[in-house]
Amino acid sequence: MARIGIHSFVWSASSAQSELERTLANTREAGFDLIEFSYLDPADVDIGGLAKRIADLGLGVAISIGLPGDGDISSADKAVAARGVEILNETVALTRDLGGRKVAGILSAGHGLQLEAPTRDQWSRSTAALAKVAETAKAAGVTLNLEIVNRFESNLLNTAAQGLAFIEDTGSDNIFLHLDTFHMNIEEADVGLAIRHAAGKIGYVHIGESHRGFLGTGNIDFAAIFDALTAVGYADDLSFESFSSEIVDENLSKKTAIWRNLWADNMALAKHARAFIGLGLETARRKAELVSARHKP
């Protein structure tokens with residue numbers, strides 16, 4: 001059964017303990033099954049206390065990051081690449097210690113606009129580094145899920161097909177795709193077909209609107225997306241992601257160009273998203289049942 005989650009920045013960008021606890025309480029109140037924490041620094045957090053609170057509320061947890069430029073594992077600078085591996089290993093440990101089993105986000109290269117096309121050497125350095133991190137993650141009971149993002153946030157992996165090729169080159173069975181409807185709407189020729197093509201290798205999904213606001217108010221064909229996820233038998237985690245200038249994280253807001261205030265009432269946004277995703281999945285399942293029913297007299 002799919003767990004429906006929510007990105008922590010819908011609630012707060014702070015790592016203060018009181019804010020983290022409020023984030024968890026809001027997540028449960030809005031009806032979600034999972035919280036996705038992003039850019040959570042273990043040095044700032046009571047990990048044991050947070051893990052207990054997550055468990056007490058019956059929530060799942062995932063951790064997402066975007067590698068910084070000075071931690072780009074595809075870099076030819078060995079110190080920079082080594083820092084990236086260190087960040088990834090720390091994130092794996094954090095995920096394990098919080099009781100999670102998925103690391104997601106931009107793991108293959110530095111997050112941000114690149115002014116040059118990627119090189120084969122860059123690709124090879126990244127696949128080799130992630131293959132090693134994936135083994136560490138596997139021992140910790142954690143999977144790596146590569147977010148496929150638009151060309152303005154990475155030059156390495158922009159389509160699901162590129163992600164599949166990348167995973168194949170790592171040789172790892174512990175690396176999967178993290179698909180995001182916002183990014184797919186920009187880069188994929190057909191989002192539904194891309195999902196079908198990636199069947200069996202999808203490990204995590206972000207559900208977000210074309211303008212990153214309320215679901216259903218942009219131009220994304222969510223019915224086609226839910227139909228495709230149902231068709232490939234995806235029954236794993238989906239998390240709602242939305243950003244507004246109402247809640248700003250300096251590390252992420254500039255890289256993702258969050259200039260407009262698309263919402264102010266985050267609880268209304270979250271409850272709407274939970275209902276929208278739940279109904280979308282249920283509708284897709286019911287349609288699949290109808291088209292497969294033979295109805296013999």
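Using the three backbone atoms N, Cα and C, a Cβ is placed for every residue, glycine included.
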Query raised in the report: Of the candidates E135, E147, E282, E289, which does Swiss-Prot annotate as part of the Mn(2+) site that also includes D180, H206, E241?
Result: E147
Report task. Determine which of R120, R125, R212 appears in Swiss-Prot for the same substrate site as E153, D180, T181, F182, H183. Result -> R212
Query raised in the report: Could you tell me the C-alpha distance between H183 (substrate binding site) and E241 (Mn(2+) binding site) in angstrom, no decimals?
Result: 12
Query - Alpha-carbon spacing, F182 (substrate binding site) to E147 (active site, proton donor/acceptor), which is rounded to whole Å - result: 11
Query raised in the report: Of the recorded positions listed here (E147, H206, E241), which is spatially closest to E153 (substrate binding site) when Cα positions are compared?
Result: E147
